[in-house]
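Here Swiss-Prot flags 368 as active site, proton acceptor, drawing on sequence analysis. Per Swiss-Prot, the feature UDP-N-acetyl-alpha-D-glucosamine binding site maps to 7-10, 21, 82, 87-88, 149, 164, 179, 233, 338, 356, 371, 382; the stated evidence is sequence analysis. Marked as Mg(2+) binding site by Swiss-Prot on the basis of sequence analysis: 112, 233. What Swiss-Prot records for 385, 391, 392, 410, 428, 445 is acetyl-CoA binding site, and it gives sequence analysis as the kind of evidence. Under the heading region 'Pyrophosphorylase', Swiss-Prot lists 1-235. Summarising the annotation, Swiss-Prot assigns region 'Linker' to 236-256. Taken from Swiss-Prot, the feature region 'N-acetyltransferase' covers 257-471, and the record attributes it to sequence analysis.
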């Protein structure tokens, strides 16, 4: 079995933020949560998160969101405090009391390196176990290794030397193989060495790399894609990581049969599920746990968040969050669905229509300029332009129910709580405050009055007033 330690104690001063660096978002997840998700597939015996700066906040964030990681394979997270941030070696020293009787492998990951693939982690562990190494280091060949220490190996990939860049000779700087900061250790071997670490450097810190010369054998494993080891130190790095992740996600979906009209203007979280023959138009963003059914067309200019869109449905210039839309339905342009709204099949939710906690039955339409809040609509209901469900009385929300095949005229107001039966017609401009039985016509407006010749009379009165005021 493998235990995992995640280094997450640093503040990240270059982020210019009060928020710990590992809690900054990359897509749908924080940096540290991404790291945790990357190692779940190896089924670790325990995951220990080493916290420091605002450690309570890091702990709360991860515990609040643990249900979104993988309950089946993720052990309960453990938190180890590093009260002083004295280097990576010092951080791992804090594990000594927690792993007294542990005799297997320890995988060390960085909480600010969020792009590692699970396959890479598995390759590192497999190599370590197959060769019975004391330590195995993940390495990468960078096109521009400036700022990185270099790793030197023999022909069998056993590490012979780690040289910091400032100590490299001109010949050594030509080696582009660098330390990714990801390790697999034999824990008993490492535990014997950790107390011997010294802070003999300018920073007065304990470096984990200093254990390498004291262990044998130590092997290096190259990552296939060097971008996986990209670390986050500032906001520019965060933006770059987002770019890398988006390219990865969108390439995967295009290979799986999804059409992206303008990939550079589209963002898709890696938690999203798209079925074959989905078309995503420009300036569209699909986030969270959203699912898009086959044959649907999303966008342009739309945001879908934590929502399920059925098959052969179109969404145009609209925002849908925490809602569900069934098959063969048209949404938009400029519609807003939120708050666990549910729209049936063969429906139309059109221009400037807002749904909040609304359920719309199959083959129902709300085509123009309506607000339907806390409302339940049956099948084949037609909502006239400008219809409003007045659901809030200043204290609490109330529900509106509209039966099958009912329809409202333009500019109607349904004052909740109110129920309209089946096959009800609401006359245009009505204000409905009481329940209406099936098969009824309801008219709730003032009777039209026509005063013939009114303008002429008004004109005569105006002339008389003008004459009075004349000198």
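Keep in mind that glycine also has a Cβ here, set from the backbone N, Cα and C atoms.
A map of Swiss-Prot features onto the structure.
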residue : record                                        : Cβ neighbours (10 Å)
7       : UDP-N-acetyl-alpha-D-glucosamine binding site : 25
9       : UDP-N-acetyl-alpha-D-glucosamine binding site : 27
21      : UDP-N-acetyl-alpha-D-glucosamine binding site : 24
87      : UDP-N-acetyl-alpha-D-glucosamine binding site : 21
112     : Mg(2+) binding site                           : 27
179     : UDP-N-acetyl-alpha-D-glucosamine binding site : 22
233     : Mg(2+) binding site                           : 14
368     : active site, proton acceptor                  : 15
371     : UDP-N-acetyl-alpha-D-glucosamine binding site : 19
428     : acetyl-CoA binding site                       : 15
What is the interatomic distance between the Cα atoms of residue 338 (UDP-N-acetyl-alpha-D-glucosamine binding site) and residue 385 (acetyl-CoA binding site), given in whole Å?
20
Residues with Cβ closer than 8 Å to the Cβ of residue 410 (acetyl-CoA binding site), same chain and 6+ apart in sequence?
384, 385, 386, 387, 428, 429
When the number of other CB atoms within 10 A of each residue's CB is tallied over all shown chains, which of the binding-site residues 338, 385, 391, 445 has the maximum?
391
Rounded to the nearest angstrom, how far is the Cα of residue 179 (UDP-N-acetyl-alpha-D-glucosamine binding site) from the Cα of residue 392 (acetyl-CoA binding site)?
60
Measuring Cα to Cα, tell me the gap between residue 233 (Mg(2+) binding site) and residue 21 (UDP-N-acetyl-alpha-D-glucosamine binding site) in whole angstrom.
8
Residue 371 (UDP-N-acetyl-alpha-D-glucosamine binding site) versus binding-site residues 112, 391, 445 - nearest by Cα:
391
Assigned element (helix, strand, coil) containing residue 21 (UDP-N-acetyl-alpha-D-glucosamine binding site), judged by DSSP:
helix
Can you tell me how the residues of the region 'Linker' (236-256) break down into helix, strand and coil by DSSP?
20 helix, 0 strand, 1 coil
For the binding-site residues 149, 392, work out the Cβ neighbour count at 10 Å and name the residue with the minimum.
392
Annotated acetyl-CoA contacts 385, 391, 392, 410, 428, 445, maximal Cα-Cα distance (Å, integer):
22
Sorry to bug you, but what's the C-alpha spacing from residue 179 (UDP-N-acetyl-alpha-D-glucosamine binding site) to residue 445 (acetyl-CoA binding site), rounded to the closest Å?
77
